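The transmembrane segment annotation in TrEMBL covers 7-32, 81-101, 113-135, 141-162, 169-192, 198-215, 286-307, 313-335, 342-362, 368-390, 430-450. According to TrEMBL, the domain 'Major facilitator superfamily (MFS) profile' annotation covers 14-455.
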């Protein structure tokens, strides 16, 4: 079916747009629970809304008519519940990544992908009508699991149908719709100031993705791997026809390659223990797990932090999201000229320095704070995008899926912690910028101990992985 043709472009473009609603749901908490101002109105004479004597509070509804905070009074001793709702959401993404990933390995990529789309549409829509906070959290958890499913299975399909020479570019381009979704979020919130309407606005468009039932095929690579050569052959023939390539030898070539694969399978298996069995593999695996945790925590933390900065929340979020788009171009250029390792180190260091600078300026200087936080967010998005490719290249082929899967779960675990760090800013505004500054600098330092992968033959076996990174173990391509 070729390296890249019309068939690839149509399917990949469709799969890219799955990330659009994923971003909106992931970042929705910024506008679902913006910090409100409030005052005590009963009994008269008490100004402190958190006083034990206060019986009723009045919210400032100038910007938002209703949020989950104002509807369920998530203030004072219940203020952390809003952050908990986002932690529950991110936990759902983590479980969705894992659960749908296992399902896709056993039953194919297409069934869990389509199921996740339906689940995301139904749960996301129902969440808008939740009468109780905990039901809202449960429905958001289900929505999150579905977004995790569409993300992981969608990316796998893209990587499995694209030729090797295009994977570096497409692994980065796959993130662009996420940034576009993030950018459109303040626009949706601007027109829908009630959280119920806002939740519907980001959920109902998923109905368009139901068309993927007819558009997105099963991964021919997965069909080939499990021996379903007839089905794989039919899909490859359609792809070849669409790309104006010959179709006569597809079936015979598949059978020949499958027999060769069978003879190699016995020596090609690995498991999670192999990631930590030997010293060099153990060091690389642990560093990647920790740095991915830092990336997940910092990226989603800084994104939420921008929504807590004083000033126009719509403009602040829009500016920070807009800057992520050129960040994709910068990421591609950096990986090409600096390699993976240096790109991660530079972007993590910029994030750390930017956030630490915020800690040393007055909190009233809104424009510099938004500018520095935006630079930090863009830099961390570059690190995030680079790490997806970097991890795939560092782990040997036989444990690549399990290695990247564990790292992805680590990043999601980090994102579950982020809301509470942002929430601490209401007590001490220095806590978020200091934590979001120190951690990326730590990540940059840890990355220094990882080997560069650009321009080298990548490891295939566990033995290759143990050698890779040592002076005698890296071979130029």
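The backbone N, Cα and C atoms fix where each Cβ goes, and this holds for glycine too.
Automatic, uncurated: that is what TrEMBL annotation is.
A contact between the transmembrane segment (81-101) and the transmembrane segment (141-162) is present, since 3 or more of their C-beta pairs, 6 or more residues apart, lie under 8 Å. The transmembrane segment (141-162) makes contact with the transmembrane segment (7-32), as judged by at least three Cβ pairs under 8 Å among residues 6 or more apart in sequence. Outside the transmembrane segment (430-450), and at least 6 residues removed from its termini, the chain residues within Cβ reach (under 8 Å) are 283-284, 287-288, 290-291, 294-295, 297-298, 301-302, 305, 341, 344-346, 348-349, 351-356, 358-359, 376, 379-380, 383, 390, 394, 421-422, 424, 469.
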